[in-house]
Amino acid sequence: MENSTQVVSFVLTMYGNIGNFKYLYFILAMLFYIFVIFVNAVVIVVIYVDRNLHEPMYLILCGLLANEIYGSTSLLPCLMAQILSDTHEISVFYCYIQIFCIHTYASIEYAILTLMAYDRYVCICKPLHYNVIITKRKIQQVIVAIWICIFVEFGVLLSFTIRLKLCGNIIHKVFCSNHLVSQLSCSSNREMSHITDLVFGLVFFVVIPTSFILFTYIKILAVCLNSSKETKQKAVSTCTPHLVALLNFGFGGFFDLITPNFDMTFVPHAVRVISCVYILICQPLLSPIMYGLKLRIFQVWHAVLGGASTPPSLLPAQGSREGVEWV
């Protein structure tokens with residue numbers, strides 16, 4: 001076993017030397033963060049204020065958008081501070097906090113997208129039973145359970161990393177990563193940490209949700225193949241926003257998982273930085289804009305600000321009756 005030292009901070013090397021451009025990058029990052037918070041908050045507030053939108057599908061959407069704000073906050077404030085820093089150091093304590101926040105954000109995101117897949121499955125495949133199977137109370141309980149279970153489970157997993165003895169403090173990324181911190185370990189129980197990450201992280205947070213999502217879409221496809229053209233068009237309209245969000249998140253997550261295992265020095269530095277933060281930058285912006293446009297939420301926002309309830313013409317059709325017209 002190598003000699004270990006008391007590590008009090010980590011150095012994030014991917015920032016490099018950006019010179020006086022750091023002030024420009026800081027302003028751009030701050031404006032982007034404000035915009036992300038704003039667009040997510042607008043959709044959440046409109047859904048909360050307008051009682052016509054107090055339906056299970058919108059509760060799921062609120063849970064997704066609240067998580068987008070959480071995910072952005074786990075990265076962007078620290079990123080802005082590191083842009084202005086000359087040393088790009090982050091204390092061990094705040095590094096572990098960031099690891100916890102970013103990993104729980106990703107897990108909650110995928111869990112809610114899985115819940116959305118189930119919502120669409122019931123809506124399209126079992127429309128007559130939708131109001132019995134999917135209720136506001138059940139959705140509230142499931143969303144709360146998702147947050148609690150993931151917080152507790154990853155808290156336990158992170159405790160294995162915290163107990164590791166570290167032999168280095170260099171992290172080749174713009175934020176702290178559980179995998180990269182574990183690689184700095186020279187503890188004898190390092191392999192145990194990797195095994196727990198593999199079993200709980202890969203199986204519970206990736207394999208099981210992905211299998212369930214595939215099952216729901218296979219069922220949806222089977223129903224659509226035996227349905228009318230109009231039903232197929234409505235199903236496509238219903239599932240497209242979810243599929244876009246799912247594929248975007250899956251692409252970003254997969255790329256982030258595999259890149260640490262390969263030599264990426266041949267890739268331009270700017271591309272590596274963008275790919276590193278893609279999932280935490282693009283997803284929190286894509287979800288509110290995509291679903292906001294689908295719901296025409298910004299027109300509803302003007303109606304709410306004007307003191308009127310949402311005009312019926314701006315409300316989406318109620319899919320629990322027709323079976324497929326959902327966000």
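For all residues, glycine too, the Cβ spot is worked out from N, Cα and C.
Per TrEMBL, the features are as follows:
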DOMAIN    39-291  domain 'G-protein coupled receptors family 1 profile'
TRANSMEM  23-49  transmembrane segment
TRANSMEM  58-84  transmembrane segment
TRANSMEM  96-118  transmembrane segment
TRANSMEM  139-162  transmembrane segment
TRANSMEM  198-218  transmembrane segment
TRANSMEM  239-258  transmembrane segment
TRANSMEM  270-293  transmembrane segment
Non-local residues, at least 6 beyond the ends, that sit with Cβ under 8 Å of the transmembrane segment (198-218): 106-107, 110-111, 113-114, 117-118, 120-121, 153, 157, 239, 246
In contact by Cβ distance (the transmembrane segment (58-84), the transmembrane segment (239-258); 3 or more pairs under 8 Å): no
Within-chain partners of the transmembrane segment (96-118) [C-beta distance under 8 Å, separation at least 6 from its ends]: 60, 63-64, 67-68, 70-71, 73-75, 78, 90, 139, 142-143, 146-147, 150-151, 154-155, 158, 161-162, 175-178, 181, 205-206, 209, 212-213, 216-217, 242, 245-246, 249, 253, 279-280, 283
Across the domain 'G-protein coupled receptors family 1 profile' (39-291), average pLDDT on the 0 to 100 scale: 86
